[in-house]
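What Swiss-Prot lists as active site, proton acceptor is Asp67, His138. Annotation source Swiss-Prot lists active site, for ring-opening step at Asn136, Glu143.
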Amino acid sequence: MKILVCENYDKLSEKAAQIIMSQITLKSNSILGLATGSTPIGMYKKLVEMYENKMIDFSDVKTFNLDEYQNLPISNDQSYHYFMDDNLFNYINVKRENIHIPNGMANDIENECIEYDNLIKEAGGIDIQVLGIGNNAHIGFNEPTVSFEKKTYVVELEESTKIANARFFNSLDEVPSKAITMGIGSIFESKKIMLLATGENKAKAIYDTIYGKVTPEVPASILQFHDDVIVILDKKAASLLNPKDYKVV
């Protein structure tokens, strides 16, 4: 596990975008695993800038998103389809047919989960998976105690996660209670994983992820067993780590 600590959020976003750009430069038809939430927004802005400056070409890239709310229309401005269009896809030359996000409106939701994993496999697997992390160390919508073997599935959202996401809705009641998420088993199959975290409120989750026992109680702790993980933090998120364990960039 490689840990990089950046001066601030802007530098973190720049570093993460550079890693994505390097991946696409190396392999023009890269398969990207993408995440939503506030943390990767800066990275997406940097990627759009890189595209506008002709530094990066997404025309052969395929993308797979981690998750989507169940029973929330994609036209809703809180759906992850909308989020990805608004923050990235509308501003780059990725082909629509190469964008994959779980369909939370599917009639057969169980089949949607199976098909999503099959699509990833058929594409050749995810080359680099972007992750954020929750205060309780959840990744995707994989909450504490979920099995590390789990593939894409429907999850009942924890109250703490609903409260954390309520800021994006008019009220807590409007936050969907279920979502489709790539399971930890699906995430772990990615060839490379890039975990991003900022802020003091993530410091404990990062500490437990890196130093703690590998346990379903700390979902992100499974990353200790992955062969190729890069963790990019700002100073506050890294505040509990031993400085000898990370590189300041």
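Residue positions begin at 1 at the first shown residue.
Glycine is treated like the rest: Cβ placed from N, Cα and C.
Shown here: features listed in Swiss-Prot, placed on the structure.
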residue : record                             : contacts (Cβ under 8 Å, 6+ apart)
Asp67   : active site, proton acceptor       : Thr36, Tyr80, Pro102, Gly140, Phe141, Ala179, Ile180, Thr181, Met182
Asn136  : active site, for ring-opening step : Glu143, Pro144, Glu158, Ser160, Ala205
His138  : active site, proton acceptor       : Pro144, Glu158, Thr161, Pro219, Ala220
Should Glu143 (active site, for ring-opening step) be counted as helix, strand, or coil on the basis of DSSP?
-> coil
Reduced DSSP state (H/G/I helix, E/B strand, rest coil) at Asn136 (active site, for ring-opening step) is coil
